Amino acid sequence: AKLLGNNVVTKASSLLRHRGISIRHIVFAFALSIALLVLYFNYFRRTGYSFPVDVMHYAPVTPEVWTDRSFQVRDAFLHAYHGYERFAFPNDELRPLSNTSINNFNGWAVTAVDSLDTMHMMGLEQEYKRAMTAVHDTNFTLPTNTRVPFFETVIRQLGGLLSAYALTNDDILRIRADQLGTILAPAFRTTSGFPKYGVNTIRGTSDGPLVGSLAEIASYQMEYAYLGKITGKKEHVDRATTATRNFVDADLRQHGGMYPMYWNISSGQAKDTHLSVGAASDSAHEYILKQYLMTARKDKANLEMYLRFTSHVLNNLMYISPNRHLLYVTDSKLYRTGNRPTHNFEHLSCFFPGLLALGAHTLPLNNLEEVGLNFTALADDLLPKQKLGYEVLASFDLKDLHLWAAEGLAQTCYLTYADQPTGLGPDIINMLSGGSRPEILWMDAMQDWRTSGRIGPPPGVGDKHPWVGDRTPRNAREREMAYAMRDYYVKNADYQLRPETVESLYILYRVTGDVKWRHRGWDIFQAIQKEAKTPSGYANIDKVDTYEPQQLDVMPSFFLAETLKYLYLLFQEDDLVPLDKWVFNTEAHPFPVFEWTEEEKEAYGVL
């Protein structure tokens, strides 16, 4: 057999030499083939994508119809709030199936206080007047409240008091806000000044682990800064500025300038490498821009941090799905081999397109020199790869880039609703990217789109119809095929009456004036009415991806404070809360834009 093999090789070599082909020619051809394959898989295949779009048409709707739709939202609010009043007040929240109450936020009538500004905007004078009894009567030091959750109490209760004061100038609201802010202050008694998880309002002590999530340790700057402004108390302002100083001093080089998810409360330094705009992180990122805007755009440190945060997300955490080309933002963890994305897309992350649109609307992104910033210089202390990413971003029109990202992400948020049989969005989906499927970074696709002559809308931004595939697959194979065509599977099928998607639709409508955002909001409101309404209120929904959804016995206060408020403002013809004069906290409580006086700057040590 060995002799036979040698004879075959000898004859083959003789035949090749006869035709003028040497071993060197074969080696060269093989090497060229390998080079072409490498070039294809690392360049042409990566950048050779096309991103077709659908043509969308919306029937004209008169201003009177939109106003009527806002009144339908107001009626929904009244239905929910009257159920709460009847079965739950002055406890925290209504259980809308059993018609009972639950105290999961201190028993301080959180639904009533969280909803004060919504009632005021909607002109609901009688409901507002009745809710104010909770403001007058609540005892913030009830013995049963031995552990007050700092984060939730600040954004819901303190935020509700402060925004109602800003809208009405009723001094009892300022007084009660001052009392609550002071009672919560023991949370800040840490080495770094970052707050602990909870406060004992009787003993005046704090408790909780020494590692805190980003959202919980850095979502209070707006509330305490505005509280300091209206009370003239330096201690409140100090609590707000401490967070900014801690983040300025933090070593974020390996994180690309973006805040990771967990922090050491003692040292004030990052504890892990998990980067996300979703759960446990979201509102802290939100407050960087909003603190800057609320204080009349004078806080350069927060502006720099916002630009570094958004730049890292645009370059590293935003992807295009392989089939429908849905733009989405995910989270990642840093390993020795580099960042590894999960390709999870959370409903909580759907605040981010609204934040990008707000930044594009309010910041001089194409002329940062006018506020004393050099965009690419923001990467001077980062790794070389991160610096290169800034150069790529700077080669685009930065305002357009942020707004395109906002529009593409908001569309995907909406489609996660419209794709489902219920018309309601699941809490978490997982995009089918990576592995055997293409993993397409949005900025790679953007560079290819530009190189190809900017044909059509930017990748992931063009309008898309909802998925119309088989929503009731009969076996595992059909289910996998459906997932592949839709580009994702549902990881958590709950709809928790969350506001993030409609928040972004509202901001995008006010920023762009494009009515498609209104129409998409109307689709969502109709689905809420159909699936979530109960005889006494509205309920969270499980199994939104089926034709047999189940109502859950939960109606969170943020449904009235945020979801219905944003829908009402989206459909109102008048711009009741102009984005250049008011800034919403993470619970949709609007605070007025203000400027520190020279005396306050000197007294409080603010920039």
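Here the Cβ of each residue, glycine as well, is placed from N, Cα and C on the backbone.
Worth saying up front: this structure is predicted, and the values here are computed from it rather than measured.
Database features (TrEMBL):
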- 21-43: transmembrane segment (TRANSMEM)
- C350-C413: disulfide bond (DISULFID)
- T586: Ca(2+) binding site (BINDING)
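Recorded features from TrEMBL, shown on the structure.
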residue: C350; record: disulfide bond; CB count, 10 Å: 30
residue: C413; record: disulfide bond; CB count, 10 Å: 30
residue: T586; record: Ca(2+) binding site; CB count, 10 Å: 27
> From the Cα of T586 (Ca(2+) binding site) across to the Cα of C413 (disulfide bond), what is the distance in angstrom?
Replying inline: 18
> Cα distance, T586 (Ca(2+) binding site) to C350 (disulfide bond), nearest Å?
Replying inline: 12
